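Colleague: The following block contains the structure, expressed as structure tokens.
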Amino acid sequence: MLSSTTRAFGSPLRYVQGPGEFSRLPQYTAPYGKACVLIDGFLYPELNARLEKAYDGGEFTSIKFQGECCDEEIGRIGAIAREQNGCVFVGVGGGKTLDTAKLCADAMNMPLIIVPSSASTDAPVSEIAVIYTPDGEYIGSRKVKKNADLVLVDSEIIAKSPRRLFIAGMGDALATWLEAQAVDGSDSPNYIGAGYRRSKAGMAIARASWDILFADGLNALAALELGVVTEALENVIEANTLLSGLGFLNTGLATAHGIHSGLTALPETHKYLHGEKVAFGIVCQLVLENSDASVVDKVMNFMAAIGLPMTLADLGVEATPEKITAIAEKTANGPLVHQEPFLVNSERVYAAILAADALGKKYKAKAATNK
Ligand SMILES: [Zn+2]
């Protein structure tokens, strides 16, 4: 529980989302001067060609990301940016590219523009980056001094991104309001600076991401499958990216993300996406909190309809006592599950995981017979 009643709210300076916005990048970088653009390796050929057209002879430097967010890569990119006299740093791509961009801009005290290539997590709007060794071993997360100057989302790029990434983003966003309510109940700190009490704005934003998912989630997924931008898709891109991001930063996290961290104790879960592990964490949180049947029904039916993981088997985990104990202990040893408004220990987490797995199976069976 917090020892102060001071409340705080934080966010990127600006957020812009719409079709074709990537091609307007020169307009956004012009006020700062020469841009250094770090681009995801997989997307480099296509997006670099688009940038060359967009800058139309104007000066910019593009840097191909080598694939790992580590100190060595940050050093390599920083040397290029300095040599090129870059004035604004732009990161284009997935989580690791964007985290590397955050750390590079921070190290060089440069303005930062973040351009996500999918709506798979809410990380683009946070000032937190996850760092690894050059071999991809997790080291920890680092907070940079300030949030991005601009988060620029091209909804046409998102509309053509892989379906699995978009669904995972909805899993991450679906947790936001549930966790915000838990944090509100226990009066735990948010992620602004050293951690403050949440503002009314933070709570309202967390709630908005929830409402949008249920109103537009299925239609947004249908649009993404066709590769087209509709109003429903725009709404869910905003929910997954801006609302979920501002929601979690400004309110805090609880069991759903705590279980996510607990699941990482098992190597077989490493190939699953952040939002996929959070999704099973949501089921565990519903059980742990003994949520109202109407809420459970609403969440579980939605998860089954969009195909989010709801059981241990969905994450490649065999439901043995040893494996569940490993997840429960890592979860209970972490801080997030203790942001619930009641006592939580590893025994209660163990029970919640087992019951959540059964609940997930039940709803999956129900969804299969309704098809
Ligand atoms: Zn998350």
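Cβ atoms here come from the backbone N, Cα and C positions, even for glycine.
Since we're looking at a predicted model, the values are computed, not measured.
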Colleague: Looking at glycerol binding as recorded in TrEMBL, which candidate out of ASP71, ASP172, ASP184, ASP211 goes with ASP122, HIS257, HIS274?
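Modeller: As annotated by TrEMBL, ASP122, HIS257, HIS274 share the glycerol site with ASP172, chosen from ASP71, ASP172, ASP184, ASP211.
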Colleague: Averaged across the domain 'Alcohol dehydrogenase iron-type/glycerol dehydrogenase GldA' (12-154), what pLDDT does the model get? Just tell me the whole number, please.
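Modeller: Mean pLDDT, the domain 'Alcohol dehydrogenase iron-type/glycerol dehydrogenase GldA' (12-154): 94.
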Colleague: DSSP-wise, what's the residue breakdown of the domain 'Alcohol dehydrogenase iron-type/glycerol dehydrogenase GldA' (12-154) into helix, strand and coil?
Modeller: 51 helix, 41 strand, 51 coil
Colleague: Beyond the listed site residues ASP122, ASP172, HIS257, HIS274, identify every same-chain residue whose Cβ lies within 8 Å of the center of their Cβ atoms for the glycerol site.
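Modeller: Near the glycerol site, beyond ASP122, ASP172, HIS257, HIS274, sit THR121, ALA123, GLY171, ALA173, ALA175, SER244, PHE248, HIS260, GLY275, VAL278.
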Colleague: Hey, does DSSP put ASP172 (glycerol binding site) in a helix, a strand, or just coil?
Modeller: helix
Colleague: Checking proximity to ligand 1 here: which binding-site residues out of GLY95, LEU98, ASP99, SER126 have their Cβ closer than 6 Å to it?
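Modeller: Checking each Cβ against ligand 1, none of them comes under 6 Å.
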